[in-house]
Amino acid sequence: MAKKPVTPASKVAAKQAAVRSRHQEDVFTLDPLIDPIFQKGELRSYLVTEPSPSVLKKRSIHTKEYWMLSSLLLIAFYVRMYNLSNPNSVVFDEVHFGGFARKYILGTFFMDVHPPLAKMLFGAVGAIGGFKGDFEFKSIGDKFPDSTPYIFMRQFPALLGVGTVILCYLTLRQSGVRPIIAYITTFLLIIENSNVTISRYILLDSPLIFFIAAAIYAWKKFEIQIPFTFGWYRSLLATGIALGLALSSKWVGLFTVAWVGFLCIYQLWFLIGDLSVSTKKIWGHFFARGIILLGVPIALYLGFFAIHFQLLNKEGDGGAFMSSAFRAGLQGNKIPRDITEQVGLGSVVTIRHVDTQGGYLHSHEHFYQTGSKQQQITLYPHLDSNNKWLIEPYNGTIHNETFVPLINGMKIRLKHINTGRRLHSHDEKPPVSERDWQKECSCYGYDGFAGDANDDWVVEIVNYRSQKGEAQTFVKAINTIFRLRHAMTGHYLFSSEVKLPEWGFGQQEVTSASQGKRALTHWYIETNENSILPPSEAKIINYPKLSLWQKVVESHKRMWKINQGLTSHHHWQSSPSEWPLLLRGINYWNKEHKQVYLLGNAVTWWAATLSIITFGTYVLVTVFRWHLGTPLSTNKHVFNFNVQTFSYVLGWALHYLPFFIMGRQLFLHHYLPALYFGILALGHFFEIFTGYLTSRSKYFQQVAFVLVGLFSILSLVFYVNYSSLIYGTPWTKASCELTKPFSGWDYNCGTFFDTLGEYDIQEKSLASESEIPTETVVVEAKQTPKAEPKLAKQDDHIESPAAAEPVEEKEVKEEVEQLAPPLAVDFEEETPKVEDPQVADVDASSNDEKSVEEKQQQEQQQEQEQVEDESVHQVQQ
């Protein structure tokens, strides 16, 4: 039989038909997997690790998939952008991160527990939107003025939330999931309530999860590239960049870096066992991954901190957490300048503690209520005349003829300028600390008293912390770190974070100690005046300019300290053990009979948790059977399921389990990065369930797809039923009560009206109120007090608040509470306004006596009013 001639037209038609067939197969029945290749070795078979070129082709996005991606994009855009203008007031941590964006625009320095990138991005978006920093984001429920582009600022995290959705789909495709399953799983992420909520407000979670999702996608793309090709290096570099962005947004990004690191080790182990890979290539893998995956994130992290310091170049409330050397580089600082370097007998100095931010060695005309009941010695954070001490010889008077420098090993006395008493220690129990190795320090003496041996202190220079050279022999202002050893007891002048009670005005306790952290006995001289030293011989110095690395190190010490201090109870905090089961939510906003409450989509949430538990059980059973001699399956579907699901479960564990060892306040939103890994793992369970496990029967596969579809519908129903808590839209009490199966879901149904019609009445009432003309007063923008440490109580000689410097630091526990998430207001009540810290705590020690007099006057007035009331009552009778 003669063959029909093949014409060019028939070739084109056949090619087009093949393309059409391939595209249809790609979308609906495409198998993105290939069989793993095993080769025989001398002792056992080994896995060939180099990906086949066909894998990249099978898992690339095909033409018809763009329609699927477009639909996901539109749905995600609508879900996350819907009604962003509501609420039109501050929600939850917008208090902090909106306030931080404001400070980037104003350039005022602040301190936060998170790296700067996400906050800088919000600041940049605000600046692009025309925000001038005239709104403070002071309290939850504060209404945004027209001048604040809060909708524009909220659009940024919403867009990143949309981007996370697209990355989820692409990641699942790169890890071997069919398009239809990737579509369904991504749809679950779109309608996951907690992810929708956090992507609608000025919060760090949406940027963080987006960067983590980008790192996961880039890594999965990297895994299927042929080693040392352009695509391989490009994907590896993209992974490093995404890791750097995540790490620079929140320290949770460290867990993502650890995840990639573990997978690198895991893959290198198989590379070593692959006999087809040369030793040279193994070293190439090691160095390429190490340099790019560590070097790029570190470079980005430091670079963003450099930009952070450049932008925040003005003195602000955050300076109170930093050292004087750091603050000296900020514009508008009041750190002492032009200091005489040479310190000697007769110098009037201020002595600053090194390793706490308690401030200066200080005394005042107030006395301990325990122990010796002598004059108090404290650390005080303000510049103040009560910080000044005269350096005296221990055994005589000061000779005004010649300057005697202060040197290592010299015995001296320190005389308090304002009260004339000397720094003193003895065998008395400290006022607060109860350790037996600490003794009381006081100020002791009186007119005409020459002092005693308990006033004697020996100067010991700490060479390794002092500037090299003369500062290691002679005590130099700023440049010499020293200890003061009590000559009689051998104890060292010591201070920690312990605070004195109210009678000590909350100032930091100073004791002498024979043990404890050595660094807590380190001091330096900040200001120095000496009339004996000829002006021509005086060397004038200032704080040296800190390098970027020094600023980064100091900032991280403060960030870590503040983070560790977030230990006080918060009403909406929760335990990590509660997160996988979604036992607790967070009240974000509550006003005008509406509420925003962070709650996950329980259907998706519990399914992700179940998939994690199921995979863990499956691994244990498989390993047990393998030990009994059952070989591991090399079926391509099972093999890919094992490898990919293991990587996602590992990511879930690394982003979840570390929270169990953290002592700080924790909240449900801390679980969201782990949840993202759980959803990716859930997608692979859908894949194995609708594919391999039901592949023997088309009917069973159809049933499997129906079950997955019903699961998606159930998740959608949950999203719709609880959407009022996402968007802060009207709801009724009755509808709300039907949605509370657990006591931990403690959103307040009493917030809502009984009927939806009441909201229309409320809207009309609010609209009529807004039409009433009001005078707008433009005031100078203030620094948000939410990040400010409270002022320590000030001494009675200060005449006005303006005379006091901003406090360096309050007790860590109290300071960091200012950085903790605020409580959402209930109903229409406003959160109490924070008093101006420059006014609230002024002159507390002198006000104690005044407060007693005022109290007595109030009591007398109340008694007089009571008498008058009784008289009136008798007349009426």
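Positions of Cβ are set from backbone N, Cα and C atoms, glycine also.
Copied over from Swiss-Prot:
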type	residues	note
CARBOHYD	N83	N-linked glycosylation site
CARBOHYD	N195	N-linked glycosylation site
DOMAIN	340-394	domain 'MIR 1'
CARBOHYD	N395	N-linked glycosylation site
CARBOHYD	N400	N-linked glycosylation site
DOMAIN	403-462	domain 'MIR 2'
DOMAIN	472-528	domain 'MIR 3'
CARBOHYD	N721	N-linked glycosylation site
REGION	778-877	region 'Disordered'
COMPBIAS	783-799	compositional bias 'Basic and acidic residues'
COMPBIAS	807-816	compositional bias 'Basic and acidic residues'
COMPBIAS	847-857	compositional bias 'Basic and acidic residues'
Worksheet item: Mind checking how the domain 'MIR 2' (403-462) divides into helix, strand and coil residues in DSSP?
Response: 3 helix, 24 strand, 33 coil
Practice prompt. Rank the glycosylation sites N195, N400, N721 by the number of other Cβ atoms within 10 Å of each Cβ, and give the residue at the low end.
Written response: N400
Worksheet item: For the domain 'MIR 2' (403-462), what's the model's average pLDDT?
Response: 93
Worksheet, complete the sentence: One should report the C-alpha separation between N395 (N-linked glycosylation site) and N83 (N-linked glycosylation site), rounded to whole angstrom, as 78
Discussion item. Rounded to a whole angstrom, what is the C-alpha distance between N400 (N-linked glycosylation site) and N195 (N-linked glycosylation site)?
Written reply: 73
Practice prompt. Could you state the whole-number distance in Å separating the C-alpha atoms of N195 (N-linked glycosylation site) and N721 (N-linked glycosylation site)?
Written response: 16
Worksheet item: How long is the line from the C-alpha of N721 (N-linked glycosylation site) to the C-alpha of N83 (N-linked glycosylation site), rounded to the nearest angstrom?
Response: 17
Fill in: In the chain carrying N83 (N-linked glycosylation site), residues 6 or more apart in sequence that have Cβ under 8 angstroms from it
Y727, T729
Worksheet item: How many other Cβ atoms are found within 10 Å of the Cβ atom of N395 (N-linked glycosylation site), counting all protein chains shown?
Response: 10
